[in-house]
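For reference, TrEMBL has these:
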DOMAIN    119-309  domain 'Major facilitator superfamily (MFS) profile'
TRANSMEM  12-31  transmembrane segment
TRANSMEM  43-63  transmembrane segment
TRANSMEM  75-95  transmembrane segment
TRANSMEM  115-136  transmembrane segment
TRANSMEM  148-176  transmembrane segment
TRANSMEM  183-205  transmembrane segment
TRANSMEM  211-229  transmembrane segment
TRANSMEM  241-262  transmembrane segment
TRANSMEM  282-303  transmembrane segment
Amino acid sequence: MASFATSVSGLIATQGFLYGFAFLFVNYPLLRMLNEWFVERRGLAYGIMSTGAGCSGVGLPFLLESLLSKYGYRITLQAMAVTQFITLLPMIPLLKGRLPASRGGVLRKGDFKFLGEPLFYCFALMNFLEALGYYIPSLFLPTYATSLGFSGTIGALILSANNLATIFGQLALGYITDRVNNVLILAFASSFVAAAASFTIWGYATSLAPLLSFSLLFGLATGGYPCLWNKFGSALSEDPGHIYSFMAFGKGVGNILTGPVSSPLVKGPVESGYGLSRFAPLILYTGSIMLCSSLGVFGWPLMRKADKR
């Protein structure tokens, strides 16, 4: 439907709302099944499941660039839709939960006591701030590379490097969450490394090597952040599903705000200096928002209080 859109509102309604709703319709039953099948190694399971997006993102930038240049956006969108449908349809019969469905289709009453816990709002704020900065490199690194004189292919390469690093970040953080109880330390490490990389490597990048290094390090540090959501939930409730949903909602809101907030920060001509001058405000914003997210580690007393219950 999005391929036939002729206005921005039509594109938002189809590629934005409908596509997002369809994604949730497919993804969240899978998460419920995953929670049923995995307990001790649930973090690693979340990490492996999350790598799907990163794996597709390694090759997709090159494929999409080629398709868009040859066939335009309409045929490209239609081809992607058909490919997703053909790929997903045969897998649906294979998806089964471990626990039998409740008789009569009775829905289990949700436990929302965590809404009264200060630790929940600490998690939510950290997650939201991280989301505000997460997609900025993906959006602007290709443009930054072009400003340095590199081709669009190099920009796609940098984006693929970020997605590749995201895969390893998801696997690593998923594995670590099964072995480290204090999730605030993991969240701090993820956001703080991203902030430091933004302030230093990206800010002073004037060639391909540091730009690639930043793309890899940022993806490695932040890619596995959603793997922490299950740990957030486990710290507050026996059923982490609702908390996972709140975290996903917060990340979604942060992602929506990323474009309107970050685009005005790219202004002025390209000159020598920090962030090529034109991108300096954007880089400082990215590092600052990630640094603010890392400050959630000071919610450690709340974590200790929750552990005693």
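Cβ coordinates are placed from backbone N, Cα and C, and glycine is handled just like the others.
Bear in mind that the values here come from a model prediction, so they are computed numbers and not experimental data.
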Sequence-remote contacts (6 or more beyond its ends) of the transmembrane segment (282-303), Cβ cut-off under 8 Å?
117-119, 122-123, 125-127, 129-130, 132-133, 136-137, 140, 182-185, 187-188, 190-192, 194-196, 198-199, 202-203, 222, 235, 261-262, 265-266, 274-275
Under an 8 Å Cβ to Cβ limit, what residues of the same chain, 6 or more beyond the ends of the transmembrane segment (211-229), are close to it?
43, 46-47, 50, 54, 127, 130, 134, 137, 141, 144-145, 148, 157-159, 161-174, 177, 183, 186-187, 189-191, 193-194, 197-198, 201-202, 205, 240, 243-244, 247-248, 251, 290
If you average pLDDT over the domain 'Major facilitator superfamily (MFS) profile' (119-309), what do you get?
90
